[in-house]
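What TrEMBL records for this protein:
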type     : residues  : note
TRANSMEM : A:22-45   : transmembrane segment
DOMAIN   : A:133-255 : domain 'ABC-2 type transporter transmembrane'
TRANSMEM : A:134-152 : transmembrane segment
TRANSMEM : A:179-202 : transmembrane segment
TRANSMEM : A:208-235 : transmembrane segment
TRANSMEM : A:242-260 : transmembrane segment
TRANSMEM : A:453-475 : transmembrane segment
Amino acid sequence: MILNVATIICAEQWRYWMRTKVAATVLLLGAILTIAALVVNAFHINEAAHARDHLQTEAEQRFKAQPDKHPHRMVHYGHYVFRAPTPLSVIEPGVDTYTGNAIFLEGHRQNSAMFAEQRQSAGLTRFSSLTPSFLALVLAPLFIILIGYGSVTREREAGTLTLLLSQGTSRWELLLGKLLALITASSLFLLPLLLACFYVLFSNESALVVMLFCLSYVVYFLLWATVVTACSAIFEKSSVSFTVLIVIWMSACVLLPRLGSSVATNIAPSMGKLEADFKVEEKLRSLGDGHDVNDPAFKKLKEDLLAKYNVDSVDDLPVNFRGIVAQYSEGRQAKVLNEFAETRMSEELEQAQIARQFGWLSPTVAVRSISTILAGTSLETHHRFLREAETLRLDFVQALNKVHAEKLDYKLDMNRNASEEAADKAVVGADNWSMLAEFDFKPEAGSTRISNAFIYFVQLLLWMGLTALLLQAAVRRLNP
Amino acid sequence: MIRFSDIKREAGFVFGHRQIKLTLLVVFLLSSVSLWSGYAEMQEQQATIERLLKKDETERNAVLTHQSNYGMVAYYAFHLTYAPPSPLAFAAVGERDVFPWKHRIRMLALEGQIYESDTDNPELAFLGRFDFAFVTSVLLPLFIILLLYDLKAKEREARRFDLLNVTARNSHAIWSSRVLVTLVPLVLATLIPLIAFSVVNGASVASILTVCAIVIGSIIIWSAIVLAIGAAKRFAHFSATHLASIMLGVWLVTTVIVPVTGHTIINASVDTPEGGDIVLTQREAVNSAWDKPVEDTWQAFIETHPQWADKTDFDPQRDSSFNWKWYYAFQQVGDQTAKGLSESYQAATLRKDEIASYVALLSPSLLTQRLLTSAADTDVQAMVNYENNVREFHASLRKFYYHHLFEAPDFSTASFKQLPQFSPQVSKKQENTHED
């Protein structure tokens, strides 16, 4: 029964919207924008995926196609890894355009990711971007406000509210009808996004992740539709309802996310990479230079090795001492590098988490966190990329050092600078380069991403509770 | 003709209105908070530069005392380069969070070093900075709409509209003075914190005036848009909130749709080499040099450095098959191979920026943002200038070391007194701030 009346009210509201040009324009504009964003973004991501896949294969082929060389030269030749975009980044590209997607891996160094796309955007997309997530999280609420701020106040101002209520329509029925109308209208913006999610389901993305991703957007739209309907019922005049809603939108969607970012920068300033590099160097200097076997830092290593093989000089060792030193010092150095890299990443994560606490103040921040984490375009997934790249780096560098120790004669090696012929002899075969592992980046498992996003679901739940209370208050206060 | 008495009466009216007072207070707070946040961040960047400079010096001196030939020093000695924040950078952080503003450079191939980015937390950059440029270019128009959309409608609803028009000596004067007493406090609420911070931060009077002019200009443009929509005959029958929806539509189209459409079109129309290609090309060139005949490297090197043509010989007594001259020559040849790509990459960045400056003519918000970052030296141009400063510095390093490697004087630590020092270029932007 209650639904019947609500449906009639909803249909009535739709008839009104279709009559007035403003609502129809907003609806049309919103739907076109969402579809355009999806198409443009899907093409872009698809292209990027192909380009990076191609570059990755090419980098691997080039590495393996290198001629016979001194293994340490391959350590410096290095390798490139590229991060492939995740399926859901079609909707939420997240930090991807800000991080850079390629890393050069080489011996003795951890490089940062290069070529952030944002640098090529001439500042045009710093506030807004044609991404489905921006449209859904920032613009859609504005559209919902524009079509819904007067849904109840209009009836009140025209005097029809008294009529409706005196004819036996209950307050709940009335508000539910209005809310239903606004939800169906806003679904015009949401539907393309949900369809895109449905499409993503056919990729290798976890179904549960995609469903929760959709759900958080659906809830977000419901929140706004409810807040707008409630405000329209609470305030006497359309102009007041309008002003209040615009102020809410400004703070929740525009102001607070950025305020969070600035607060995080200032509360927990993180040490830049350069500054960390100095600390790394300070620490490394005490560890010895892996290029120089005579460095006093390797004395102990040498003595142990001589004792182990029971020989008197490094010349008599069955392994190449230079390779052993390279292996040993690379391993020790990587430990220091990773220690600092981990510190830096945890500092960054701490900053991001401070900014995400603003989800308690704005549902937009909460859904943004959920959306980037689930889509695998959050800081966490970027860090995972950095860690995997580092693992690959250490693996191939150490594999090369092992080849250096086991397959290259020490005397030939020491003699390599004597002449060009000697240099030509101090090499190992190209077949050794095939040890390079393939790099195929995948975001964290679905369950990990969901548990990372847990606290932000709690934020969203809080907002659902608050909004329900607001709706209840609106029903109670609904007077003609 | 607006009389003083009109202004006084309207001021009394405006300040008697709680909503307007509240809005002004909020604008004042937002402006102050954004400035404080930018100020704190720039102080931190300045402090970082000072700390880095100190460490850089120590680290280099350590290298100088440990090494005993020029080739090794050139290999191990890094040089800090940086772009210090301008005195106004706190007002518009601009591109400083996506472009690098500090690099450590050494004698190796530059193309392998210059794209390293020690930028800020990407998630924070993604959320965006809450700086003064954002407040004035994105939020202020919304506040102007909120303040002015129901200028007349409010009076109509209060049934004072006709009364006001009849009792006033000049009906235009009422509305003009009412707009004026609303906007002047708005300008003051926005600019007073800015002026205070700028003075504390030692910005020049001319640059402060420039920024004030940009902000006032932006407020005037938006007020004109809002008032024009409010006064348009076409919309005469619209309610105040309908008018406000149209105003928000204009905000939406100019602030969001124009930039993103511009971005999409620019990206599709300007050919940019893949960044990855630059570094791959450079690396291939550098690494293949080891396997190629030495003459190949020398030939390519001498083409651009004819002055060293007679000095490419190795001294087998001293140099064996490995020689630093040759090593740095092939580093340079690596850069030369990637030069075309690298130049077109930078040219594409600048070309996109240039087209964006035309797109900005269609969007007051974008124009404000671009003018502010330009005045604060945090725009794309400034960041590219820094990159070019680094290139120049690298060239001067090469010049210094080439001399010592090719002329081969005996190693002496005293010679490092001549080692080039990076000094950041202070921009001459103040003279030509208005790019458009």
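For all residues, glycine too, the Cβ spot is worked out from N, Cα and C.
The model shown is predicted, which means the values in this text are computed figures rather than measured ones.
With pairs at least 6 apart in sequence, the transmembrane segment (A:242-260) and the transmembrane segment (A:179-202) have fewer than 3 Cβ pairs within the 8 Å limit; the two do not touch.
Most Cβ pairs under 8 Å to the transmembrane segment (A:22-45), among the stretches A:134-152, A:208-235, A:242-260, A:453-475, belong to A:134-152. Only residues 6 or more beyond the boundaries of the transmembrane segment (A:134-152), in the same chain, are considered here, and those with a CB under 8 A from a CB of the stretch are 13, 17, 22-23, 26-27, 29-30, 33-34, 37, 128, 161, 174-175, 178, 181-182, 185-186, 189-190, 193, 217, 220-221, 224-225, 228-229, 231-233, 238, 241-242, 245-246, 249, 252-254, 364, 367-368, 371, 478. Residue counts for the domain 'ABC-2 type transporter transmembrane' (A:133-255) under DSSP, split into helix (H, G, I), strand (E, B) and coil, are 106 helix, 0 strand, 17 coil.
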